[in-house]
Each structure stands twice: as C-alpha cells, then as structure tokens.
Amino acid sequence: MKSNAAIYGKKKFSLFWVLAIVFAVVWLVIAGAPFVFQIFTSLKTQGEFITGGLFKIPDRLSFENYATVMQGGFYRYFVNSVIVLAVSLTLLLFISAFAAYPLSRMQFKLNRPIFGAIVATMSIPIHITLIPVFMMSIRMNVYDNVIAVIGPNVAFNLPMSIFILTAFMQGLSKEIEEAAEIDGCGKFAAFFKVIFPLSKSGLATLGIYNGVVIWNEFIFVMILTQSQKSRTLPLAIWEYQGQYSMNTPLIMALLVLSSLPVILLYVFGQDKLVKGMMAGAVKG
C-alpha cells in the first residue's frame with residue numbers, strides 16, 4: 001500500500017504539469033492571437049473591415065490585398081532583405097567563430113584584455129554611432145546601397161556573438177583538439193576540422209537569433225538608404241503605413257508576408273535552437 005507521502009507527491013507532481021500545460025495554452029493564445037487576427041484581417045476587403053471590425057471572421061477570403069502588395073514593389077524590398085540577411089549572417093558567424101576560437105582555446109598575454117574590450121563594446125548605444133556611420137558611408141561611396149547596411153549589421157551584432165561563442169567553445173572537449181594536433185593538424189586545420197563542426201549547434205542558435213534581429217533592422221536602413229532599390233522590408237512597412245494608413249487589411253497583408261520568413265526560420269530551426277541553448281546551459 002502506498003504511503004500518504006508518495007500519494008501526496010504524485011498529486012503535487014500531476015498538479016504541476018496541469019498548471020504548466022494550462023499556462024502554456026494561455027501563453028500560446030496570447031502570443032498567437034495577434035498573428036491570427038492579422039491573417040484574418042489581411043483576407044478582408046477594406047469595406048468588410050470597416051463594417052465588421054477586427055474580430056469578425058471574413059465571409060469570403062479575398063487575396064486582393066496580397067496582390068496589391070506584390071505589385072507595389074514588395075519583391076524588390078524582399079530581395080534586398082534576403083541579400084542583407086544572407087551576407088550579414090555569413091560574415092557575422094564566420095568572424096565570430098574565428099574570434100572566439102583563440103579567445104576560448106588559446107592562452108596568450110592579451111587574451112582577457114581583448115575579451116574584456118569586446119564585451120565592453122556591448123554597452124555602446126547604437127544611436128550615438130548613427131552620424132559617424134552615415135558620414136563613413138558617404139566617404140566610402142556606399143550610401144544608398146545594401147552594402148552600407150551590411151557593415152553596421154555585422155559590427156553591432158558581433159560583440160554578443162563572440163561573447164556567446166567564446167563561452168560555448170570553452171565547454172568543448174580539449175582532448176579531441178589535442179588528438180587532431182597529434183595527427184598533424186595545425187591550429188587552423190583543427191579549427192575547421194574539429195572546433196567548427198562541434199560548434200554547429202551554437203552557431204545555429206546565433207544564426208536564428210541574429211537572423212531575426214537583422215531581418216527586422218530599421219534604424220540603419222532608414223539612415224543609410226533613400227531609394228527603393230536599396231531599402232528592406234521594415235522600411236516598406238513604414239512607407240506603406242504612410243501611403244495606406246487607412247487601409248488596414250493591406251497593411252496586415254504586408255505584415256504577414258514580411259513575417260513569414262522569420263516564422264519559417266523558427267519552425268525549421270527550432271531543434272537546433274533548443275540544442276544550442278541546452279548545450280550552452282550544460283557547458284556553462
């Protein structure tokens with residue numbers, strides 16, 4: 001016969017999971033409801049939205065808003081966003097990995113001062129650099145070009161990425177790297193053949209996080225570009241709000257299309273994201 005303590009412990013454990021599930025469902029509703037209403041609103045006509053309001057399910061699904069958005073230069077904004085994301089993220093991850101490797105795996109005199117200086121740059125407010133970055137883009141003749149946006153994206157996300165990857169690489173086994181060096185691998189070869197592959201979960205986590213940040217970047221795009229040929233989706237949303245401020249369904253259609261890549265990034269990368277976070281927690 002089970003003791004009262006065992007029965008009480010089992011009930012307490014079951015109650016915990018019930019509360020956890022209830023909390024998860026409530027949080028899912030709170031977090032997902034805005035996106036659901038956004039989709040429903042984007043499928044309404046302007047007249048139906050005015051008469052039915054935000055919470056009314058559309059009587060007939062209308063894709064006219066999506067067609068209008070696609071005809072209004074969305075493709076150009078989208079391509080610019082993809083270019084900025086791909087180039088910025090590639091540079092960011094490789095530079096972070098190259099910097100984190102010696103800081104985490106090698107002992108030299110300036111190791112800690114350099115790491116401390118990198119961490120200190122995380123406290124620099126982004127807004128105090130806007131004028132210098134603007135002047136540099138003009139001097140370098142890259143103003144109103146996607147290249148002007150890529151540089152700041154990499155620079156301002158680099159310190160945090162190096163900080164996280166350094167901590168991640170410090171937890172990797174040194175025996176595997178030493179075995180590779182015994183087999184004739186130099187530091188450079190050991191990095192690419194051992195450390196870099198072992199850091200894939202950490203790099204994936206950084207890639208997803210920084211990918212969302214870069215995709216939603218607004219301030220540098222607004223300051224460093226002025227034409228449609230160079231601007232990205234956050235600026236498209238801003239411009240559409242000025243042109244179609246009264247057409248809420250059209251704005252919602254643009255928001256749905258703009259958020260889809262980020263949602264897909266999370267859907268297909270969530271396993272890597274969880275593995276990277278768990279690995280960092282265990283190794284930290």
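Every residue gets a Cβ built from N, Cα and C, even glycine.
Residues or ranges marked as domain 'ABC transmembrane type-1' in TrEMBL: 78-269. Taken from TrEMBL, the feature transmembrane segment applies to 12-37, 77-101, 113-134, 146-168, 203-224, 244-268.
Between the transmembrane segment (77-101) and the stretches 12-37, 113-134, 146-168, 203-224, 244-268, it is 146-168 that has the most C-beta pairs under 8 angstroms.
If you look at the transmembrane segment (203-224) against the transmembrane segment (12-37), you find fewer than three C-beta pairs under 8 angstroms, all six or more positions apart, and that falls short of contact. Long-range contacts of the transmembrane segment (113-134) within the same chain: residues 99, 103, 143, 151-152, 156, 159-160, 162-163, 166, 219-220, 223-224, each at least 6 residues beyond the stretch ends and with a Cβ under 8 Å from a Cβ of the stretch.
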